[in-house]
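If you check Swiss-Prot, you get these features:
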- ASN109: N-linked glycosylation site (CARBOHYD)
- ASN258: N-linked glycosylation site (CARBOHYD)
- ASN372: N-linked glycosylation site (CARBOHYD)
- 1-25: signal peptide (SIGNAL)
- 82-102: transmembrane segment (TRANSMEM)
- 119-139: transmembrane segment (TRANSMEM)
- 164-184: transmembrane segment (TRANSMEM)
- 194-214: transmembrane segment (TRANSMEM)
- 235-255: transmembrane segment (TRANSMEM)
- 291-311: transmembrane segment (TRANSMEM)
- 330-350: transmembrane segment (TRANSMEM)
Amino acid sequence: MPQLAGKLILAGLIPLGAWVLHGFASCNGLIQMFEDFGKQTVLSDGVTDYTGAFTGLEGLDRLLRTLLNFFWPVANGHDWALSLHAFMFAGQGVPLLVLNMLEGARPGNKSLVVSYVTVFGILYMVVGLAIMAPLYLFLHLLTSRTATAPSKAKVAVDPNTAKAVGFGVFVGYVLPTIFMSLPHPSLLSTDTKVLSVVFWQAVPLWASVCAYFASTALGQSATSRSSSNLPSALGAVYAASLIIATATHVATFAISANLSDTWSGIFTFLIPPNPFNTDMRISSFLEGATWFLQWDYTMMSLAYMVWAIGIRHGVEVPRSSHHFETLGKIALRSMAKLLVMGPIGAALSLVWERDQLLWQLDSESGEKGEKNRSRRMSRKWMFS
């Protein structure tokens with residue numbers, strides 16, 4: 001029942017995400033500004049010249065110019081509220097990529113549409129997380145065997161694959177994000193800064209490519225499914241992702257508290273405007289980019305929290321078991337995690353819990369089976 005509710009919520013978030021992201025942007029004037037900047041050789045700050053030709057393919061270059069103009073103020077710290085939001089968003093990007101890439105590697109998702117995580121990652125960047133995140137997660141709950149009938153065998157990830165995912169996210173996402181954020185012209189020339197922002201648009205691809213080569217070099221581990229404990233490599237990837245997500249989330253609010261005069265002001269940078277007020281107009285491109293990013297983050301967060309709670313509750317546990325938790329208790333714990341780790345960090349934590357629970361249940365089932373076999377052998381010996 002909770003997963004059915006999750007599917008319905010996620011299905012409803014898809015058109016809502018389309019409106020708050022693109023419909024609202026069209027009404028408030030941001031889309032028109034995008035189109036205007038796409039025709040110019042000056043970036044969205046109004047002063048930086050650039051060529052705008054990156055690949056020689058006009059259609060692709062037009063898309064890259066649009067993304068570049070959007071992320072240019074984000075990468076340059078032109079506004080403290082936008083910079084804070086982008087910093088927090090970037091931190092949540094680590095568990096986001098880890099979650100998706102691990103889903104692509106799970107046996108229960110093999111050959112399913114949700115295993116094509118690189119394609120979905122690019123669509124996240126191009127179409128927007130507010131639309132593509134609920135769509136991907138809806139398809140996951142609908143089709144994935146790790147969601148419909150979870151078991152240790154279906155969610156098990158080879159330890160070396162887990163290491164490769166961690167390596168891929170660090171080299172393909174974390175490093176490009178840090179490099180893109182370096183100031184110009186003090187550390188980066190304008191041309192280098194522009195190219196770094198353009199390069200960053202394909203971080204889901206770079207992360208997947210790096211993970212592929214790392215996985216090929218490491219090979220397959222022989223202990224991925226035979227161990228009675230969750231592989232330490234997988235746990236290490238989960239833990240590292242949560243450390244980054246938590247550190248950036250807490251640091252964001254600490255900085256905001258230092259910059260704000262009131263308690264309510266701490267959360268101002270996070271709260272998006274009413275998307276159904278079609279009379280609202282942006283006063284600048286910077287303001288429009290901030291609103292866009294706020295809604296992208298909000299919808300993504302809601303989608304992943306709904307999905308993760310459904311995934312965690314989807315493990316069948318008898319009510320008599322000490323592992324059993326009600327949906328309400330899981331939801332309350334999830335909200336507490338969200339406050340500390342951020343939404344995607346909380347979602348990853350719930351998936352980690354799910355994995356650990358499946359390993360424990362499998363181990364207990366094996367021990368129970370071994371005891372039953374021992375009893376049968378004892379009876380057979382007594383009456384022989």
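Yeah, the Cβs are placed from backbone N, Cα and C, and that goes for glycine too.
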Least Cβ-crowded entry, counting other Cβ within 10 Å, from the glycosylation sites listed as ASN109, ASN258: ASN258
Inter-residue Cα distance where the pair is ASN258 (N-linked glycosylation site) and ASN109 (N-linked glycosylation site), in Å: 45
Beyond the flanks of the transmembrane segment (164-184) by 6 or more, those residues with Cβ under 8 Å of it: 75-77, 90, 93-94, 97-98, 101-102, 105, 157, 190, 192-193, 196-197, 199-200, 203, 205-212, 214-215, 218, 233, 236-237, 240-241, 244
The transmembrane segment (194-214) versus listed stretches 82-102, 235-255, 291-311, 330-350: most Cβ pairs under 8 Å: 82-102
Among 82-102, 119-139, 235-255, stretch most in contact with the transmembrane segment (291-311) (C-beta, under 8 angstroms): 119-139
Cβ pairs under 8 Å between the transmembrane segment (235-255) and the transmembrane segment (119-139), at least three: no
Residues of the parent chain within Cβ reach of the transmembrane segment (330-350), under 8 Å, 6 or more residues beyond its termini: 88, 91-93, 95-96, 98-99, 238, 241-242, 245-246, 248-250, 300-302, 304-305, 307-309, 311-313
Mapped DSSP class for ASN258 (N-linked glycosylation site), helix or strand or coil: helix
